[in-house]
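What follows is a single structure, written as structure tokens, with notes after it.
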Amino acid sequence: MIDLDNIIERLYEKQLIAESVIAYLCSLAKEVLMQESNVVRLSTPITVVGDIHGQFDDLLEIFRIGGPCPYTNYLFLGDYVDRGYYSIETITLLICLKLRYPKRITLLRGNHESRGITQTYGFYSECLRKYGNANVWKYFTDIFDFLTLSATIDDTIFCVHGGLSPSIQHIDQILVLDRFREFPHEGPMADLVWSDPDPSVQEFSLSPRGAGFSFGEVIVTKFLEYNNMKHILRAHQLCSEGYQILFEKKLSTVWSAPNYCYRCANLASILQIDTDQSRFFNVFDAAPNQETPFVEPAAKVTAEYFL
């Protein structure tokens, strides 16, 4: 057995967890995550978090502002790793919280929860640097295949990492997708994590990202009407003010990585939704006094450490 409370406490202190423990945590997490639907039904009150991208100090700031888990019910919209210095600590803490409080934290999959993307944008190299091998990267990227794709809040707000797909008119179509695999380059599963709203278009158009689609207000309105929903909530795009509201308040983007990549000088936000479905974007700046990363010797963190 592993003492999750002890591991969570150590993670809050930014300690690196042993490779053998991470392997065990990931095996436990698969059992929990595989029970979740492709569309997880959630209820208010709830706090929604956008991209984190390995900015661990800012994740701790989110828990300080929004309240600690499990006292606050959290929905994370994906993109936990890459670009920031502490992707390992970030995803390890979130997985531990999911294991400890499975009904109080929901983790969606973002486009960076992918083997291909993480080999390019930092997570893979961070694992090599901190552990001396790619085993931890493999454990976590295997877990990414189990993360759910979307959620609804009070059956009126549709939540996803990226956006909509021309292959999906009804939310029930998401339920039948085979999510337990690496993202394909195209198709509905890719669209959900890659697509973006675009006020300059009305329907679907090819995305400049090279994956997913851009979509306009007509598409958003049709999707909401067809599914008897009121709002779409997503992440995936940097917002200089921490959030953006589009299409006559039918769609919101929440971005939760302040001073993105430690140089963009943007604000961030979390979205707090109350039982009356009122929405409050709690805007915050980067956590103060962020440290330069210190990497422990690989031999030290790969030792057995079962508690």
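Every residue, even glycine, has its Cβ placed from backbone N, Cα and C.
These numbers come from a predicted model, not from an experiment.
Here Swiss-Prot flags Asp51, His53, Asp79 as Mn(2+) 1 binding site, drawing on similarity to another entry. Residues or ranges marked as Mn(2+) 2 binding site in Swiss-Prot (evidence: similarity to another entry): Asp79, Asn111, His161, His236. If you look up Swiss-Prot, you'll see His112 marked as active site, proton donor.
Sequence features, as recorded in Swiss-Prot, placed on the structure.
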residue: Asp51; record: Mn(2+) 1 binding site; DSSP (3 states): strand
residue: Asp79; record: Mn(2+) 1 binding site; DSSP (3 states): coil
residue: Asn111; record: Mn(2+) 2 binding site; DSSP (3 states): coil
residue: His161; record: Mn(2+) 2 binding site; DSSP (3 states): coil
residue: His236; record: Mn(2+) 2 binding site; DSSP (3 states): coil
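The two recorded residues, Asn111 (Mn(2+) 2 binding site) and His53 (Mn(2+) 1 binding site), show a Cα separation of 11 Å. For the pair His53 (Mn(2+) 1 binding site) and His236 (Mn(2+) 2 binding site), the C-alpha distance works out to 11 angstrom. For Asp51 (Mn(2+) 1 binding site), the nearest neighbour among the recorded positions His112, His161, His236, judged by Cα separation, is His236.
Summary of the Mn(2+) 1 site environment: with the site residues Asp51, His53, Asp79 set aside, the chain residues having Cβ atoms within 8 Å of the Cβ mean position are Gly50, Ile52, Gly54, Gly78, Tyr80, Val81, Asp82, Arg83, Gly110, His112, Ala235, Ser256, Ala257. In sequence order, Gly50, Asp51, Ile52, His53, Gly110, Asn111, His112, Glu113, His161, Ala235, His236 constitute the residues six or more apart from Asp79 (Mn(2+) 1 binding site) in its chain with CB-CB distances below 8 Å. Its Cβ placed at the centre, His53 (Mn(2+) 1 binding site) has 26 other Cβ atoms within 10 Å. Fewest Cβ neighbours within 10 Å among the recorded positions Asp51, Asn111, His112, His161, His236: that distinction goes to Asn111.
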